[in-house]
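Copied from TrEMBL, the annotated features are:
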| type | residues | note |
| --- | --- | --- |
| ACT_SITE | Asp329 | active site, proton acceptor |
| BINDING | Lys35, Ser36, Arg40, Ser177, Gln179, Asp329, Lys356 | 3-phosphoshikimate binding site |
| BINDING | Lys35, Gly105, Arg133, Gln179, Arg360, Arg405 | phosphoenolpyruvate binding site |
| DOMAIN | 21-439 | domain 'Enolpyruvate transferase' |
| REGION | 1-21 | region 'Disordered' |
Amino acid sequence: MTSVNNPLPRQEISGPATARHSSRLAGRLDAAADKSCSHRAAILAGLAGGVSHIEGMLESEDVLAALRAVEALGARVERTGPGQWTIEGGKWRDPDEPLDMGNSGTAARLLLGAASRFSLTAVFVGDASLSRRPMERVLAPLKAMGAMTGAAQGGRLPVRLTGGNLIAIDYTPPVASAQVKSAVMFAALGARGQTVVREPVPTRNHTENMLPLFGGNVSVEADPAGHVITVPGGQSLTACDLAIPGDPSSAAFAVAAGLIAPESELTVAGVMTNPARFGLYDVLKEMGAHLEFTPAGSRCGETLCDITVRTSQLKGVDVTALRAPSMIDEYPILAVLAAFAEGETRMRGLGELRAKESDRLSSTAALLDANGVKVEIEGDDLIVTGVGLAGVPGGGRVETRDDHRLAMAGLVLGLGAQAPVSVDETAMIATSYPGFFDDFSAIGANID
Ligand SMILES: O=C(O)C1=C[C@@H](OP(=O)(O)O)[C@@H](O)[C@H](O)C1
Ligand SMILES: C=C(OP(=O)(O)O)C(=O)O
């Protein structure tokens with residue numbers, strides 16, 4: 001990637017870290033750019049004819065992996081300033097080397113779909129965590145469309161993909177996954193015929209929302225049986241300029257810190273309010289959180305708000321399985337907040353957490369257990385017994401298992417706990433939230 005005149009700031013932080021009890025967290029943070037929207041912007045700009053300008057791109061390791069792959073597949077990719085990227089897209093070709101997806105499930109699955117519409121062969125590889133995660137969920141529909149794939153045992157990376165000459169399918173994904181939906185939608189753009197994706201439980205809809213900005217044609221019918229997304233084949237996209245909204249999943253960490261650290265009041269500005277991503281905030285309101293949402297305009301068709309949070313004594317709640325897709329990445333931090341609530345919180349239907357960067361059902365339970373919090377897994381449910389704002393012992397060492405959200409959730413727990421909490425590794429925080437340590441230092445959190 002041409003970034004000689006605009007080098008990326010180096011992410012120096014790695015190794016263990018310790019969070020200590022902190023109070024009076026305060027200040028105003030700009031929300032980190034949204035990871036899901038950044039991935040889609042990089043890929044759609046890479047597919048579109050002409051030059052797209054993207055403002056406020058998330059420059060995290062996951063998104064950089066997608067940008068490098070888009071370039072290796074034939075697009076011209078240039079960083080023109082902090083968060084500013086120019087991408088000239090078009091027809092994709094065989095990359096010279098395997099495409100390294102790093103730690104990113106979204107990059108791997110969306111790019112497998114996007115690449116499969118072209119007559120090319122590419123090999124996709126990833127780090128140890130990503131190489132344990134299931135890829136068959138995207139390979140199956142892509143094979144049904146005519147792509148040829150070879151995967152490591154159990155449908156894992158490395159995956160070799162040969163695309164081109166695809167035909168449309170009518171597909172109901174067996175798991176609620178925006179990544180699977182988006183992979184099929186990207187492939188559908190180049191297929192013969194009209195592809196239909198049926199989602200019994202709707203997942204984040206950023207691909208549906210962003211595709212029309214690039215001149216793409218997609219229709220969504222919402223009815224009580226779910227969403228039906230139709231993508232005509234044979235489409236060409238055209239370049240566009242867009243700005244990335246703030247990430248509700250990253251914002252959740254500072255909001256959580258503001259809820260549990262005594263005498264705190266802080267604002268996270270510019271957070272996307274898309275209901276398919278806002279489930280955590282709805283649940284927090286039910287738990288009694290003092291949250292204020294102030295409208296803050298829109299970016300690329302997504303509305304934004306500033307979230308102001310004050311320290312709050314939360315109460316335990318029952319979170320239904322239907323909510324899971326709208327807050328799927330937020331369960332580690334919700335489980336931490338549940339420990340500081342009064343009473344039991346039961347989070348239902350979390351089977352999909354087993355397919356994330358770590359098995360997040362067991363790693364979240366282990367995080368709490370190591371810090372003196374009573375937690376159980378019953379089937380696909382996680383049950384946390386809260387002990388109130390001042391009652392969480394802490395003092396544990398969290399095993400992060402290559403999982404950025406575990407590392408951030410563990411550190412937030414330490415800000416409210418009685419004894420310091422350490423996490424064994426922090427390098428992977430840069431996969432989604434490279435500004436985490438700067439932001440937490442700016443609000444006065446005691447982390448070193
Ligand atoms: O489409 C996306 O951008 C994402 C979808 C979710 O994954 P699944 O589709 O596997 O649920 C989420 O966990 C991930 O962080 C980002
Ligand atoms: C699950 C996540 O991301 P991905 O699937 O892209 O690795 C996440 O960011 O929590």
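Backbone N, Cα and C define each Cβ position, glycine as well.
Distances between the Cα of Asp329 (active site, proton acceptor) and those of the binding-site residues Lys35, Gly105, Ser177, Gln179, Arg405 are shortest for Arg405. Nearest by CA distance to Arg405 (phosphoenolpyruvate binding site), out of the binding-site residues Ser36, Gln179, Lys356, is Lys356.
Using CA atoms as reference points, the binding-site residues Gly105, Arg133, Arg360 were checked against Lys35 (3-phosphoshikimate binding site), and the closest is Gly105. DSSP assigns Lys356 (3-phosphoshikimate binding site) to coil in the three-state reduction, placing it in neither a helix nor a strand. Taking a Cβ cut-off of under 6 Å from any atom of ligand 1, the recorded positions Ser177, Gln179, Asp329, Arg360, Arg405 reduce to Ser177, Gln179, Asp329. Applying an 8 A CB threshold to same-chain residues 6+ apart, the list for Gly105 (phosphoenolpyruvate binding site) reads Leu130, Arg133, Gln179, Lys356, Glu357.
Non-local neighbourhood of Ser36 (3-phosphoshikimate binding site): Thr106, Ala178, Arg204, His206, Asp247, Arg277, each in the same chain, at least six residues away, with C-beta under 8 Å from its C-beta.
With a cut-off of 6 Å between Cβ and the nearest atom of ligand 2, the binding-site residues Ser36, Arg40, Ser177, Lys356, Arg405 reduce to Lys356, Arg405.
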